Structure formats: structure tokens, C-alpha cells
Amino acid sequence: MFNPLARKLSLACDFEDVDRQILDDIISQSRKVGPREDIIREGDLPDDVHLVIEGFACRYKIMPNGNRQIVAFLVPGDFCDLHVAILGEMDHNIATLTPCRMVEIPRETIEELTTSNPRITRAFWWATLVDEAVLREWLAGMGQRSADRQLAHLICELYLRLKSVGLVNDHSFQMPLTQQELGDAMGLSIVHTNRMMTELRTRQFVSIQGRQIRILDVEGLTEFAQFNPNYLHLKRHRAPDEVQAFFGD
Amino acid sequence: MARYFFDVQDGPDFVKDEDGHDCAAISDVRIAAMKALPAMIGARIPDGDGYRVSVIVRDDEDHAIYRASLTLESTWLSNRDGQ
């Protein structure tokens, strides 16, 4: 069974068989959700934690003038709202962008796991901290990066995030996002986003075929974006006892 | 709902919009073009004393129907030449 959650979380933790079984059980009941459907709205008190198994979703806020700011793209293996197990009321909206397959995990399951399984708890904690790190990077980019670098940076990020769950094939991946959606995530107008996308194509960093994007020049794109993948925490940082065990040998 | 193409003349660079996007009303064309301009000048400091960015909109029959431009102008007011 393709389990993007287990695949993603195993970046944070060495799981035992029992953990893998739990993570497989968690995703055994999924449901299909159509594109552009709200999963949870601001103010809701959800009973379940949602997880993306297939497709793209997003977190967003609607401003008083009706404009939308997308504050996160959620890809397979991402929790939409792990924090609701603790925070309760939603302070933003979550919607699918493409057709998705989602899993609903009861709050009680999450609570039970956090008291009974330290490895999975640590991995959940890791996932939440990485979400925060991504948000910091987006904030820094929106404030300080030029629009072309911001778009290049976002493409590098999606490339690595999708690669970590096995959804990149020969530098190609599905990026089923409209220019409006990309623009809403970067705080750019649709005309500007289109112009920046054309620029990245003209410089031969990427090619786009429908919803498929291929990175033609990984090094060039990374350098142009001034992309440092450290914030994705794809490399394992060992826990102190593990470090000790490592040096103790 | 009709499709419009938003070409950009960014200083010396002309960038043709191959994708276009749908606008519900003709007034949305003007809004989309104007909204894009300030950020496209953005934090750019041009080499010379001026810089101009234009958005030229074509309809789905390839007729140019609208243009909006934003010009950045600067000049020294005394004898200093900025060197």
C-alpha cells in the first residue's frame, strides 16, 4: 500500500514494525473529495484530523475585501490540521485544489497515540515543526525575494517535498496549480505570476506540459532561487541519546 | 466569460502570454492589468533614469484591446550626477 504518511514521517524517525502497522491502519479508510471543496472552514470545531493521501489541498485565509491568501500547499503525506487536536477552533480554512483522497483521523486516535507511542509522537511533532519552518520561509520570501525568485523557490520546494514521498519521476512531477493559485500563495497578481512562469521557461529552468512540470536544470534553478533546503529538514537530526549511542560505539 | 492574453513589455523585454486567463467582465481586464503593474516595477532600481512596464491585453482573436503602463522616472535636481 502506498503510504505517503509513513514515507514522510520516516524522515523523522526509525519506525518499528508495530509503528508501521499503526500508520497503515490510520490511512486504511480514505475518501475521495472533489476539487475546490472546503474541508474545514474558519471557526469550525473539527472532530477529526485530516490527512492528504492523493492530490493537492491548501490552507487559506479570506481577507475582508474577498481576496484569498494561500498560506500552505498540502501534498500527499501532509496533515491538514494536526493542531486541532490541541487548539480546537480553526483559525483558517482548508480546501482541496485538485481531486483528493483524504483520511479523517479521529482526535481520540491522535490523543491515544501521543500517550502510547513516543516514536509516532516525535514524528507528528516533527511534521508540525516543519510546517512552521515552511511558513517562515514563505514569509521571508514574500517580504524579501523578487517575484521570479519566489516562484523558482516555490518550485524547488514542491520538487523536494514531492520527491520525499516518491512523487517525482525523472525531475518531473504533477503541479496541478493554476496561476491564480500560485499567485494567491505568493501574494502576486495573476498577470505577474504568468510573466514569471514564462521567464522560468524562457531561461530553460523548467518546462511545463499541462499539469506536469519538469525541472530541466536543477542546479540552475536552485541557484537562481537561492534555495537552501535546510528548512524542510529532510536530513535527520539525531536525538541526543541517539547521538550519544553513535559516538559511544 | 472570455479569455484574454496579458503580454508584458518589461523595459526592453517583451513577454508574450501564451496561456491567457478568463475574465468575467471587460472591466476585469483593466483591473487585472493595472493590479499587476506596481509589483512588476517592484524593488527594481533601473540603470538609467527611467523604466517603463506595460501590460498589453489581447482578446481571443489576437486583437490588442487595452494597454496600461507604469513609468519610473528619476532625475538629479542639482549638478550632482550621482557618480
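A Cβ is built for glycine as well, from the same backbone N, Cα and C atoms used for every other residue.
Note that this is a predicted model, so its numbers are computed, not measured.
As recorded in TrEMBL:
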| type | residues | note |
| --- | --- | --- |
| DOMAIN | A:21-122 | domain 'Cyclic nucleotide-binding' |
| DOMAIN | A:145-219 | domain 'HTH crp-type' |
Per-residue pLDDT averaged over the domain 'HTH crp-type' (A:145-219), given as an integer: 95
Secondary structure composition of the domain 'Cyclic nucleotide-binding' (A:21-122) [DSSP: H/G/I, E/B, coil]: 25 helix, 39 strand, 38 coil
DSSP helix/strand/coil residue counts for the domain 'HTH crp-type' (A:145-219): 41 helix, 12 strand, 22 coil
